[in-house]
Amino acid sequence: MNAADVNLYLVGFMGTGKTTIGRAVAARVGFQFIDSDHQIEREQAKTIPEIFAEKGEAAFRAMERAFVVEGHPGTRAVVACGGGLVVQPGNLSELQARGVVICLHASVESILARTSRFRHRPLLEVEDPAARIRELYAVRAPIYRRAGSMILTDARPLGDIVNHVLRAWRHEAKDWVRQRSAT
Ligand SMILES: Nc1ncnc2c1ncn2[C@@H]1O[C@H](COP(=O)(O)OP(=O)(O)O)[C@@H](O)[C@H]1O
Ligand SMILES: O=C(O)C1=C[C@@H](OP(=O)(O)O)[C@@H](O)[C@H](O)C1
Ligand SMILES: [Mg+2]
């Protein structure tokens, strides 16, 4: 495969900017943009809060698993993954087999500011969302750390982050193709 066609998977905590950055990066390179949450919402004809309320988190995680196994694109796609997708065993290695994985990162303060304006993240609909973010981030941090290169999205213009992601992706796509052709 040509390095210029390799998929990009954006992972990381809620509110780190996966959906926003992913859409912008896809537009820059003319790739298809896919968001795991949007695809699941379309398939279920329900919003994420409705799925959590009516079917529970475990059912949502099974939908994410199905997205990884069946709903993934061939090539030339940028995929923004819901924040908990790579926490489920096996999902990260599936993504890494299909393209370059980059992890977005942000401080608890930025995440809180970015997520508090919206009510579509059921896991943060609690009395003390800052404490919940810290708690969840602590559990997930080791998984995010081994997911792929980390890009910080705090207090930076979106255009800078998009350029940084593009550079990291181009660089890693060459290694990804080299490693695959060596095996
Ligand atoms: N680098 C950034 N600086 C400021 N606001 C941002 C940045 N990235 C994303 N946002 C805003 O934060 C919110 C959450 O971003 P989103 O892309 O939905 O994150 P995720 O998909 O990782 O949960 C959105 O309102 C978005 O406009
Ligand atoms: O981290 C999580 O467990 C979740 C992240 C959300 O996606 P974003 O990371 O795009 O907000 C969405 O999948 C759901 O609310 C659960
Ligand atoms: Mg998102």
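Every residue gets a Cβ built from N, Cα and C, even glycine.
Curation does not apply to TrEMBL; its annotations are automatic.
When secondary structure is read from DSSP and collapsed to three states, Arg156 (ATP binding site) falls in the coil class. Note on Arg156 (ATP binding site): other Cβ atoms within 10 Å of its Cβ, all shown chains, come to 13. The annotation ATP binding site is assigned in TrEMBL to Gly15, Thr16, Gly17, Lys18, Thr19, Thr20, Arg121, Arg156.
Within the same chain, residues at least 6 positions away in sequence whose Cβ sits under 8 Å from that of Thr19 (ATP binding site) are Asp35, Asp37, Ala80. Look at TrEMBL and you will find Thr19 tagged as Mg(2+) binding site.
For Asp37, Arg61, Gly83, Arg140, the entry in TrEMBL reads substrate binding site. Secondary structure at Arg140 (substrate binding site), taken from DSSP and collapsed to helix, strand or coil, is helix.
Taking a C-beta cut-off of under 8 angstroms and a sequence separation of 6 or more, Arg140 (substrate binding site) has the following same-chain neighbours: Phe13, Gly83, Gly84, Val87.
Proximity of the binding-site residues (Asp37, Arg61, Arg121, Arg140) to ligand 1: a Cβ under 6 Å from the molecule is found for none of them.
Considering only the binding-site residues Thr16, Thr20, the Cβ with the fewest other Cβ atoms within 10 Å is that of Thr20. Listed in sequence order, Leu10, Val11, Gly12, Asp35, Ala80, Cys81, Gly83, Leu104 are the same-chain residues six or more apart from Lys18 (ATP binding site) with CB atoms under 8 A from its CB. Closeness to ligand 2 is met by Asp37, Gly83, Arg121, these being the binding-site residues among Thr16, Gly17, Thr20, Asp37, Gly83, Arg121 whose Cβ falls under 6 Å from the molecule. Taken in sequence order, the binding-site residues Gly15, Thr16, Gly17, Lys18, Thr19 that lie near ligand 3, meaning a CB under 6 Å from one of its atoms, are Lys18, Thr19.
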